[in-house]
Amino acid sequence: MDYLPLFADLKQRPVLIVGGGEVAARKIELLHRAGAQVWVVAQTLSSELEQQYQDGRIHWLAQDFLPEQLDNVFLVIAATNDTVLNAAVFAAADQRCILANVVDDQPLCSFIFPSIVDRSPLVVAISSSGQAPVLARILREKLEALLPTRLSDMAAIAGRWRGRVKQHMASMGERRRFWEHAFSGRFASLISRGQLTEAENELQLSLEGQHRALGEVALVGAGPGDAGLLTLRGLQVMQQADVVLYDHLVSPEVLDLVRRDAERICVGKRAGAHSVTQEATNQLLVTLAQQGKRVVRLKGGDPFIFGRGGEELQVVAQAGIPFQVVPGVTAAAGATAYAGIPLTHRDHAQSVTFITGHCRPDGDDLDWQTLARGRQTLAIYMGTVKAAAISQQLIAHGRSSTTPVAVIGRGTRVDQQVLIGTLAQLESLAQQAPTPALLVIGEVVNLHHQIAWFGQQPQTESAISPSVVNLA
(Lines of atoms letter the chains of each structure in order from A; the text may use other names.)
(Lines give C-alpha, C1' and ligand atoms only; values in the text may rest on other atoms or scores of the structure.)
Protein backbone atom coordinates (compact mmCIF):
# COMPACT_ATOMS: atom_id res chain seq x y z
CA MET A 1 0.00 0.00 0.00
CA ASP A 2 1.70 3.18 -1.21
CA TYR A 3 -0.78 5.52 0.51
CA LEU A 4 -2.91 5.09 3.61
CA PRO A 5 -6.52 6.06 2.80
CA LEU A 6 -7.73 8.66 5.29
CA PHE A 7 -10.84 10.82 5.54
CA ALA A 8 -9.96 14.22 6.98
CA ASP A 9 -12.39 16.48 8.85
CA LEU A 10 -11.74 19.93 7.37
CA LYS A 11 -14.74 21.75 8.80
CA GLN A 12 -13.62 25.28 9.71
CA ARG A 13 -9.96 24.25 9.42
CA PRO A 14 -7.62 26.63 7.56
CA VAL A 15 -6.34 25.34 4.23
CA LEU A 16 -3.87 27.32 2.13
CA ILE A 17 -4.06 27.36 -1.67
CA VAL A 18 -1.08 28.77 -3.55
CA GLY A 19 -2.31 29.89 -6.96
CA GLY A 20 -5.38 31.71 -8.22
CA GLY A 21 -6.23 30.07 -11.54
CA GLU A 22 -8.60 27.42 -12.86
CA VAL A 23 -6.76 24.50 -11.27
CA ALA A 24 -6.89 26.21 -7.90
CA ALA A 25 -10.61 26.87 -8.39
CA ARG A 26 -11.30 23.16 -8.93
CA LYS A 27 -9.51 22.23 -5.72
CA ILE A 28 -11.23 25.03 -3.82
CA GLU A 29 -14.66 23.78 -4.87
CA LEU A 30 -13.82 20.40 -3.34
CA LEU A 31 -12.62 22.09 -0.15
CA HIS A 32 -15.85 24.08 0.08
CA ARG A 33 -17.83 20.85 -0.03
CA ALA A 34 -15.76 19.61 2.92
CA GLY A 35 -16.40 22.82 4.89
CA ALA A 36 -12.81 24.07 4.93
CA GLN A 37 -11.75 27.65 5.61
CA VAL A 38 -9.90 28.54 2.40
CA TRP A 39 -7.01 30.99 2.16
CA VAL A 40 -5.63 31.82 -1.30
CA VAL A 41 -2.14 33.21 -1.92
CA ALA A 42 -1.85 34.76 -5.40
CA GLN A 43 -1.10 38.12 -6.97
CA THR A 44 -4.24 37.85 -9.10
CA LEU A 45 -7.39 35.74 -9.09
CA SER A 46 -9.40 34.21 -11.89
CA SER A 47 -12.83 35.74 -12.44
CA GLU A 48 -14.44 32.77 -10.69
CA LEU A 49 -12.25 33.12 -7.60
CA GLU A 50 -12.62 36.89 -7.66
CA GLN A 51 -16.38 36.39 -7.36
CA GLN A 52 -15.89 33.93 -4.50
CA TYR A 53 -13.74 36.51 -2.73
CA GLN A 54 -16.40 39.19 -3.22
CA ASP A 55 -18.99 36.76 -1.82
CA GLY A 56 -16.86 36.10 1.25
CA ARG A 57 -16.31 32.42 0.45
CA ILE A 58 -12.50 32.64 0.42
CA HIS A 59 -9.77 34.71 2.06
CA TRP A 60 -7.24 36.32 -0.31
CA LEU A 61 -3.61 37.20 0.36
CA ALA A 62 -2.61 39.28 -2.67
CA GLN A 63 1.14 38.66 -2.30
CA ASP A 64 3.89 36.19 -3.07
CA PHE A 65 4.15 32.95 -1.13
CA LEU A 66 6.08 33.12 2.15
CA PRO A 67 6.85 30.10 4.37
CA GLU A 68 5.38 31.81 7.42
CA GLN A 69 1.98 31.77 5.70
CA LEU A 70 1.91 28.09 6.63
CA ASP A 71 1.75 28.83 10.33
CA ASN A 72 -1.46 27.39 11.82
CA VAL A 73 -2.47 25.85 8.47
CA PHE A 74 -3.92 22.32 8.44
CA LEU A 75 -2.74 21.48 4.92
CA VAL A 76 -1.56 23.24 1.76
CA ILE A 77 -2.13 22.82 -1.97
CA ALA A 78 0.17 24.30 -4.61
CA ALA A 79 -1.73 24.89 -7.85
CA THR A 80 0.59 26.98 -10.01
CA ASN A 81 2.55 26.36 -13.22
CA ASP A 82 5.77 27.59 -11.53
CA THR A 83 7.78 24.46 -10.71
CA VAL A 84 10.27 26.36 -8.55
CA LEU A 85 7.49 27.92 -6.49
CA ASN A 86 5.70 24.58 -6.16
CA ALA A 87 8.87 22.94 -4.88
CA ALA A 88 9.37 25.75 -2.36
CA VAL A 89 5.81 25.31 -1.06
CA PHE A 90 6.31 21.58 -0.61
CA ALA A 91 9.69 22.02 1.13
CA ALA A 92 8.32 24.59 3.56
CA ALA A 93 5.31 22.41 4.37
CA ASP A 94 7.39 19.27 4.76
CA GLN A 95 9.72 21.05 7.17
CA ARG A 96 6.72 21.95 9.33
CA CYS A 97 5.13 18.46 9.07
CA ILE A 98 2.14 19.94 7.23
CA LEU A 99 0.42 17.82 4.61
CA ALA A 100 1.08 19.19 1.11
CA ASN A 101 -0.17 18.48 -2.39
CA VAL A 102 1.42 19.87 -5.54
CA VAL A 103 -1.06 19.41 -8.36
CA ASP A 104 0.13 16.96 -11.04
CA ASP A 105 3.54 16.47 -9.39
CA GLN A 106 3.34 13.29 -7.33
CA PRO A 107 6.91 13.34 -5.91
CA LEU A 108 6.02 16.67 -4.29
CA CYS A 109 2.94 15.32 -2.52
CA SER A 110 2.61 14.05 1.03
CA PHE A 111 -1.07 13.38 0.23
CA ILE A 112 -3.01 12.90 -3.01
CA PHE A 113 -6.64 13.41 -3.97
CA PRO A 114 -8.62 10.29 -4.89
CA SER A 115 -11.46 10.01 -7.36
CA ILE A 116 -14.64 10.45 -5.34
CA VAL A 117 -18.14 9.04 -5.45
CA ASP A 118 -20.10 11.39 -3.21
CA ARG A 119 -23.23 10.07 -1.57
CA SER A 120 -22.64 12.04 1.61
CA PRO A 121 -22.48 11.00 4.34
CA LEU A 122 -21.41 7.91 2.39
CA VAL A 123 -18.26 8.68 0.40
CA VAL A 124 -16.25 6.27 -1.75
CA ALA A 125 -12.65 7.15 -2.64
CA ILE A 126 -10.68 5.43 -5.41
CA SER A 127 -6.97 5.90 -5.98
CA SER A 128 -4.34 4.36 -8.24
CA SER A 129 -1.62 5.89 -6.02
CA GLY A 130 -0.98 8.36 -8.80
CA GLN A 131 0.02 5.66 -11.28
CA ALA A 132 -3.08 5.57 -13.48
CA PRO A 133 -5.46 8.45 -12.70
CA VAL A 134 -7.54 7.79 -15.84
CA LEU A 135 -8.15 4.22 -14.63
CA ALA A 136 -9.28 5.55 -11.25
CA ARG A 137 -11.67 7.92 -13.04
CA ILE A 138 -13.13 5.07 -15.12
CA LEU A 139 -13.68 3.00 -11.98
CA ARG A 140 -15.36 5.98 -10.34
CA GLU A 141 -17.73 6.29 -13.30
CA LYS A 142 -18.64 2.60 -13.01
CA LEU A 143 -19.33 2.99 -9.29
CA GLU A 144 -21.40 6.12 -9.94
CA ALA A 145 -23.60 4.02 -12.21
CA LEU A 146 -23.97 1.19 -9.69
CA LEU A 147 -24.55 3.16 -6.50
CA PRO A 148 -28.07 4.65 -6.19
CA THR A 149 -28.21 8.40 -5.62
CA ARG A 150 -30.53 7.82 -2.64
CA LEU A 151 -27.71 6.16 -0.69
CA SER A 152 -27.12 9.54 0.92
CA ASP A 153 -30.62 9.46 2.43
CA MET A 154 -30.14 5.87 3.55
CA ALA A 155 -26.87 6.64 5.31
CA ALA A 156 -28.26 9.79 6.94
CA ILE A 157 -31.31 7.97 8.33
CA ALA A 158 -29.14 5.10 9.55
CA GLY A 159 -26.97 7.62 11.36
CA ARG A 160 -29.98 9.11 13.13
CA TRP A 161 -31.19 5.66 14.17
CA ARG A 162 -27.92 4.19 15.42
CA GLY A 163 -28.55 5.24 19.00
CA ARG A 164 -32.09 3.85 19.09
CA VAL A 165 -31.01 0.56 17.58
CA LYS A 166 -28.20 0.27 20.12
CA GLN A 167 -30.67 0.81 22.98
CA HIS A 168 -32.91 -2.00 21.71
CA MET A 169 -30.11 -4.42 20.83
CA ALA A 170 -27.20 -4.88 23.20
CA SER A 171 -25.42 -7.47 21.06
CA MET A 172 -23.20 -6.20 18.25
CA GLY A 173 -24.08 -9.26 16.20
CA GLU A 174 -27.78 -8.57 16.62
CA ARG A 175 -27.32 -4.96 15.51
CA ARG A 176 -25.29 -6.06 12.51
CA ARG A 177 -28.01 -8.47 11.39
CA PHE A 178 -30.63 -5.73 11.87
CA TRP A 179 -28.79 -3.33 9.58
CA GLU A 180 -27.95 -6.01 7.03
CA HIS A 181 -31.65 -6.78 6.75
CA ALA A 182 -32.56 -3.08 6.58
CA PHE A 183 -30.04 -2.21 3.88
CA SER A 184 -31.10 -5.11 1.66
CA GLY A 185 -34.83 -5.18 2.38
CA ARG A 186 -37.94 -3.05 2.37
CA PHE A 187 -36.28 -0.13 4.17
CA ALA A 188 -33.81 0.25 1.29
CA SER A 189 -36.58 -0.13 -1.27
CA LEU A 190 -38.65 2.63 0.32
CA ILE A 191 -35.60 4.91 0.32
CA SER A 192 -35.04 4.25 -3.39
CA ARG A 193 -38.61 5.41 -4.10
CA GLY A 194 -38.15 8.62 -2.09
CA GLN A 195 -40.57 7.49 0.63
CA LEU A 196 -38.38 8.55 3.54
CA THR A 197 -41.08 8.78 6.21
CA GLU A 198 -42.33 5.30 5.35
CA ALA A 199 -38.74 4.04 5.48
CA GLU A 200 -38.30 5.30 9.04
CA ASN A 201 -41.64 3.73 9.97
CA GLU A 202 -40.31 0.45 8.60
CA LEU A 203 -37.27 0.71 10.89
CA GLN A 204 -39.56 1.33 13.85
CA LEU A 205 -41.66 -1.73 13.03
CA SER A 206 -38.53 -3.83 12.72
CA LEU A 207 -37.29 -2.64 16.12
CA GLU A 208 -40.64 -3.50 17.67
CA GLY A 209 -40.61 -6.96 16.12
CA GLN A 210 -43.63 -6.18 13.93
CA HIS A 211 -41.83 -6.48 10.62
CA ARG A 212 -43.85 -8.32 7.99
CA ALA A 213 -42.07 -10.62 5.56
CA LEU A 214 -43.55 -8.79 2.57
CA GLY A 215 -41.59 -8.36 -0.60
CA GLU A 216 -42.20 -6.02 -3.50
CA VAL A 217 -42.55 -5.99 -7.26
CA ALA A 218 -40.50 -3.80 -9.58
CA LEU A 219 -41.81 -3.45 -13.12
CA VAL A 220 -38.72 -2.76 -15.22
CA GLY A 221 -38.42 -1.82 -18.88
CA ALA A 222 -35.50 -3.71 -20.43
CA GLY A 223 -35.32 -1.53 -23.54
CA PRO A 224 -35.43 -2.73 -27.15
CA GLY A 225 -32.42 -5.07 -27.04
CA ASP A 226 -29.08 -3.30 -26.81
CA ALA A 227 -27.99 -3.67 -23.18
CA GLY A 228 -26.48 -0.18 -23.35
CA LEU A 229 -30.00 1.24 -23.55
CA LEU A 230 -31.02 -0.26 -20.20
CA THR A 231 -31.56 2.60 -17.76
CA LEU A 232 -29.26 3.10 -14.80
CA ARG A 233 -32.19 2.68 -12.43
CA GLY A 234 -33.21 -0.52 -14.18
CA LEU A 235 -29.73 -1.96 -13.71
CA GLN A 236 -29.70 -1.08 -10.02
CA VAL A 237 -33.06 -2.76 -9.40
CA MET A 238 -32.04 -5.87 -11.35
CA GLN A 239 -28.91 -6.14 -9.22
CA GLN A 240 -31.07 -6.30 -6.08
CA ALA A 241 -33.60 -8.86 -7.29
CA ASP A 242 -34.30 -12.20 -5.63
CA VAL A 243 -36.28 -13.44 -8.61
CA VAL A 244 -36.79 -12.12 -12.16
CA LEU A 245 -39.78 -12.88 -14.36
CA TYR A 246 -38.84 -12.05 -17.95
CA ASP A 247 -40.31 -12.14 -21.45
CA HIS A 248 -38.90 -13.48 -24.72
CA LEU A 249 -38.38 -9.89 -25.89
CA VAL A 250 -35.69 -9.33 -23.26
CA SER A 251 -32.30 -9.81 -24.91
CA PRO A 252 -29.71 -12.24 -23.47
CA GLU A 253 -27.33 -9.30 -23.05
CA VAL A 254 -29.77 -7.59 -20.69
CA LEU A 255 -30.47 -10.82 -18.80
CA ASP A 256 -26.74 -11.19 -18.20
CA LEU A 257 -26.93 -8.05 -16.05
CA VAL A 258 -29.32 -9.65 -13.54
CA ARG A 259 -27.85 -10.46 -10.13
CA ARG A 260 -26.03 -13.77 -10.54
CA ASP A 261 -27.79 -15.66 -7.75
CA ALA A 262 -31.27 -14.38 -8.60
CA GLU A 263 -33.83 -16.94 -9.74
CA ARG A 264 -34.91 -16.45 -13.35
CA ILE A 265 -38.34 -17.50 -14.59
CA CYS A 266 -39.34 -17.14 -18.24
CA VAL A 267 -42.97 -16.12 -18.61
CA GLY A 268 -42.45 -15.18 -22.24
CA LYS A 269 -45.24 -14.58 -24.66
CA ARG A 270 -45.29 -14.81 -28.40
CA ALA A 271 -48.26 -13.95 -30.57
CA GLY A 272 -50.67 -16.87 -30.42
CA ALA A 273 -48.26 -19.06 -28.40
CA HIS A 274 -48.18 -17.99 -24.76
CA SER A 275 -45.84 -20.18 -22.72
CA VAL A 276 -47.40 -18.87 -19.50
CA THR A 277 -50.89 -17.40 -19.32
CA GLN A 278 -51.25 -13.79 -18.26
CA GLU A 279 -53.36 -14.83 -15.28
CA ALA A 280 -50.65 -17.25 -14.12
CA THR A 281 -48.01 -14.52 -14.42
CA ASN A 282 -50.14 -12.12 -12.40
CA GLN A 283 -50.61 -14.66 -9.63
CA LEU A 284 -46.93 -15.60 -9.62
CA LEU A 285 -45.96 -11.96 -9.03
CA VAL A 286 -48.23 -11.82 -6.00
CA THR A 287 -47.19 -15.21 -4.61
CA LEU A 288 -43.46 -14.50 -4.83
CA ALA A 289 -43.81 -11.05 -3.25
CA GLN A 290 -45.91 -12.48 -0.42
CA GLN A 291 -42.98 -14.80 0.31
CA GLY A 292 -40.90 -11.71 1.09
CA LYS A 293 -38.98 -11.72 -2.19
CA ARG A 294 -37.88 -8.76 -4.27
CA VAL A 295 -39.47 -9.54 -7.61
CA VAL A 296 -38.43 -7.88 -10.85
CA ARG A 297 -40.89 -8.13 -13.73
CA LEU A 298 -38.60 -7.52 -16.70
CA LYS A 299 -40.29 -6.52 -19.94
CA GLY A 300 -38.88 -5.62 -23.33
CA GLY A 301 -39.07 -1.95 -24.27
CA ASP A 302 -41.18 0.12 -21.90
CA PRO A 303 -43.59 -1.83 -19.66
CA PHE A 304 -46.40 0.70 -20.06
CA ILE A 305 -46.34 0.77 -23.87
CA PHE A 306 -48.12 -2.34 -25.20
CA GLY A 307 -46.49 -4.40 -22.47
CA ARG A 308 -49.54 -5.16 -20.29
CA GLY A 309 -47.60 -3.75 -17.37
CA GLY A 310 -50.59 -1.78 -16.19
CA GLU A 311 -52.73 -4.91 -16.06
CA GLU A 312 -50.13 -6.75 -13.99
CA LEU A 313 -49.71 -3.90 -11.53
CA GLN A 314 -53.46 -3.67 -11.02
CA VAL A 315 -53.36 -7.23 -9.68
CA VAL A 316 -50.29 -6.50 -7.55
CA ALA A 317 -51.88 -3.37 -6.10
CA GLN A 318 -55.14 -5.16 -5.30
CA ALA A 319 -53.11 -7.71 -3.31
CA GLY A 320 -51.54 -4.92 -1.25
CA ILE A 321 -48.03 -5.60 -2.56
CA PRO A 322 -45.64 -2.60 -2.70
CA PHE A 323 -44.41 -1.89 -6.21
CA GLN A 324 -42.41 0.51 -8.33
CA VAL A 325 -42.04 1.17 -12.05
CA VAL A 326 -38.79 1.73 -13.94
CA PRO A 327 -39.50 3.03 -17.46
CA GLY A 328 -37.55 1.70 -20.43
CA VAL A 329 -36.67 2.83 -23.94
CA THR A 330 -39.60 1.71 -26.05
CA ALA A 331 -38.97 -0.12 -29.32
CA ALA A 332 -40.40 2.67 -31.46
CA ALA A 333 -37.84 5.11 -30.04
CA GLY A 334 -34.86 2.76 -29.92
CA ALA A 335 -35.25 0.83 -33.16
CA THR A 336 -36.00 3.88 -35.30
CA ALA A 337 -33.08 5.80 -33.80
CA TYR A 338 -30.70 2.93 -34.61
CA ALA A 339 -32.16 2.73 -38.12
CA GLY A 340 -31.69 6.45 -38.77
CA ILE A 341 -35.42 7.18 -38.94
CA PRO A 342 -36.60 10.15 -36.86
CA LEU A 343 -40.18 9.68 -35.73
CA THR A 344 -40.95 13.35 -36.29
CA HIS A 345 -39.40 15.89 -38.63
CA ARG A 346 -40.44 19.43 -39.36
CA ASP A 347 -40.58 18.78 -43.11
CA HIS A 348 -42.29 15.39 -43.01
CA ALA A 349 -44.23 14.55 -39.84
CA GLN A 350 -45.72 16.68 -37.10
CA SER A 351 -47.03 13.75 -35.07
CA VAL A 352 -46.35 10.10 -34.35
CA THR A 353 -48.86 7.42 -33.41
CA PHE A 354 -48.00 4.18 -31.63
CA ILE A 355 -50.25 1.26 -32.59
CA THR A 356 -50.35 -2.38 -31.56
CA GLY A 357 -51.14 -5.10 -34.04
CA HIS A 358 -52.71 -7.18 -31.26
CA CYS A 359 -55.81 -5.81 -29.56
CA ARG A 360 -58.22 -7.51 -27.22
CA PRO A 361 -60.50 -9.97 -29.06
CA ASP A 362 -63.51 -7.75 -28.37
CA GLY A 363 -61.67 -4.51 -29.11
CA ASP A 364 -62.97 -1.91 -31.54
CA ASP A 365 -61.41 -1.47 -34.96
CA LEU A 366 -58.76 1.19 -35.41
CA ASP A 367 -59.71 4.60 -36.76
CA TRP A 368 -58.23 4.03 -40.20
CA GLN A 369 -59.48 7.34 -41.55
CA THR A 370 -57.37 9.21 -39.02
CA LEU A 371 -54.39 6.88 -39.38
CA ALA A 372 -54.36 7.33 -43.17
CA ARG A 373 -53.78 11.08 -42.98
CA GLY A 374 -50.49 12.41 -44.29
CA ARG A 375 -47.66 14.23 -42.47
CA GLN A 376 -47.65 11.77 -39.59
CA THR A 377 -45.63 8.69 -38.66
CA LEU A 378 -47.17 5.37 -37.69
CA ALA A 379 -45.12 3.03 -35.49
CA ILE A 380 -46.79 -0.36 -35.30
CA TYR A 381 -45.80 -2.93 -32.70
CA MET A 382 -46.44 -6.65 -33.25
CA GLY A 383 -47.86 -5.89 -36.67
CA THR A 384 -46.07 -8.33 -38.98
CA VAL A 385 -48.88 -10.91 -38.95
CA LYS A 386 -51.44 -8.25 -39.91
CA ALA A 387 -49.19 -6.33 -42.31
CA ALA A 388 -51.37 -7.13 -45.32
CA ALA A 389 -54.53 -5.88 -43.61
CA ILE A 390 -52.76 -2.77 -42.35
CA SER A 391 -51.52 -1.91 -45.84
CA GLN A 392 -54.92 -2.54 -47.41
CA GLN A 393 -56.81 -0.46 -44.86
CA LEU A 394 -54.46 2.52 -45.07
CA ILE A 395 -54.53 2.54 -48.87
CA ALA A 396 -58.31 2.11 -48.90
CA HIS A 397 -58.67 5.13 -46.63
CA GLY A 398 -56.51 7.40 -48.75
CA ARG A 399 -52.87 6.82 -47.86
CA SER A 400 -50.74 6.60 -50.99
CA SER A 401 -49.53 3.13 -51.93
CA THR A 402 -46.07 4.65 -52.50
CA THR A 403 -45.79 5.94 -48.92
CA PRO A 404 -42.32 4.95 -47.61
CA VAL A 405 -42.29 2.15 -45.04
CA ALA A 406 -39.63 0.38 -43.00
CA VAL A 407 -39.72 -2.92 -41.19
CA ILE A 408 -37.05 -3.02 -38.49
CA GLY A 409 -36.30 -6.53 -37.29
CA ARG A 410 -34.47 -7.10 -33.99
CA GLY A 411 -33.98 -3.37 -33.59
CA THR A 412 -30.85 -2.07 -31.78
CA ARG A 413 -29.27 -5.54 -31.68
CA VAL A 414 -26.10 -6.55 -33.53
CA ASP A 415 -28.18 -8.50 -36.07
CA GLN A 416 -30.65 -5.66 -36.66
CA GLN A 417 -32.14 -5.72 -40.14
CA VAL A 418 -33.91 -2.83 -41.84
CA LEU A 419 -36.14 -3.44 -44.85
CA ILE A 420 -37.22 -0.40 -46.85
CA GLY A 421 -40.04 -0.21 -49.36
CA THR A 422 -43.47 1.24 -49.98
CA LEU A 423 -46.83 0.77 -48.33
CA ALA A 424 -47.89 -1.53 -51.17
CA GLN A 425 -44.91 -3.78 -50.33
CA LEU A 426 -45.51 -3.90 -46.57
CA GLU A 427 -46.73 -7.50 -46.47
CA SER A 428 -43.69 -8.75 -48.38
CA LEU A 429 -41.32 -6.79 -46.17
CA ALA A 430 -42.94 -8.10 -43.00
CA GLN A 431 -42.61 -11.70 -44.19
CA GLN A 432 -38.85 -11.24 -44.67
CA ALA A 433 -38.12 -9.49 -41.38
CA PRO A 434 -36.71 -11.31 -38.35
CA THR A 435 -38.73 -10.93 -35.18
CA PRO A 436 -39.42 -9.00 -33.10
CA ALA A 437 -40.15 -6.39 -35.74
CA LEU A 438 -41.47 -2.84 -35.81
CA LEU A 439 -43.39 -1.37 -38.74
CA VAL A 440 -42.77 2.31 -39.52
CA ILE A 441 -44.96 4.12 -42.04
CA GLY A 442 -44.42 7.68 -43.22
CA GLU A 443 -42.21 10.03 -45.20
CA VAL A 444 -39.61 10.13 -42.40
CA VAL A 445 -38.48 6.68 -43.59
CA ASN A 446 -36.77 8.35 -46.56
CA LEU A 447 -34.31 9.98 -44.15
CA HIS A 448 -32.94 6.53 -43.34
CA HIS A 449 -30.64 6.72 -46.38
CA GLN A 450 -29.12 9.98 -45.14
CA ILE A 451 -28.71 9.48 -41.41
CA ALA A 452 -28.47 5.73 -40.79
CA TRP A 453 -25.44 5.27 -38.53
CA PHE A 454 -25.61 1.86 -36.83
CA GLY A 455 -23.77 -0.97 -38.61
CA GLN A 456 -23.47 -1.01 -42.39
CA GLN A 457 -24.59 1.91 -44.47
CA PRO A 458 -27.99 1.42 -46.16
CA GLN A 459 -28.20 -0.01 -49.66
CA THR A 460 -29.77 2.03 -52.44
CA GLU A 461 -33.54 1.63 -52.37
CA SER A 462 -35.15 -0.01 -55.37
CA ALA A 463 -38.39 1.47 -56.62
CA ILE A 464 -39.54 -1.98 -57.71
CA SER A 465 -38.49 -4.41 -54.99
CA PRO A 466 -37.86 -3.84 -51.31
CA SER A 467 -34.31 -3.03 -50.22
CA VAL A 468 -32.89 -5.02 -47.36
CA VAL A 469 -30.29 -3.44 -45.10
CA ASN A 470 -28.53 -5.90 -42.79
CA LEU A 471 -26.97 -3.87 -40.01
CA ALA A 472 -25.00 -6.72 -38.45
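Heads up, residue numbers simply count up from 1 along the chain you see.
Note: Cβ is positioned from N, Cα and C throughout, glycine not excepted.
The annotation region 'Precorrin-2 dehydrogenase /sirohydrochlorin ferrochelatase' is assigned in Swiss-Prot to 1-203. Per-residue pLDDT, averaged over the region 'Precorrin-2 dehydrogenase /sirohydrochlorin ferrochelatase' (1-203), rounds to 93.
Residues annotated as NAD(+) binding site in Swiss-Prot: Glu22, Val23, Gln43, Thr44. A 10 Å cutoff on Cβ-Cβ distances gives Gln43 (NAD(+) binding site) a total of 9 other Cβ atoms nearby, all chains included.
Residues annotated as region 'Uroporphyrinogen-III C-methyltransferase' in Swiss-Prot, with sequence analysis given as evidence: 215-472.
Asp247 (active site, proton acceptor) is surrounded by 22 other CB atoms, counting those within 10 A of its CB over all protein chains shown. Annotation comment: Swiss-Prot describes Asp247 as active site, proton acceptor.
Annotated active site, proton donor per Swiss-Prot: Lys269, in sequence order.
Across the structure, Thr44 (NAD(+) binding site) and Asp247 (active site, proton acceptor) are spaced 63 Å apart at their Cα atoms. Every protein chain considered, the tally of other Cβ atoms within 10 Å of the Cβ of Glu22 (NAD(+) binding site) stands at 11. Other residues of the same chain near the NAD(+) site, with their Cβ within 8 Å of the Cβ centroid of Glu22, Val23, Gln43, Thr44, are Gly19, Gly20, Gly21, Ala24, Ala42, Leu45, Ser46, Leu49, Ala79, Thr80. Rounded to a whole number, the C-alpha distance linking Glu22 (NAD(+) binding site) with Asp247 (active site, proton acceptor) is 51 angstrom.
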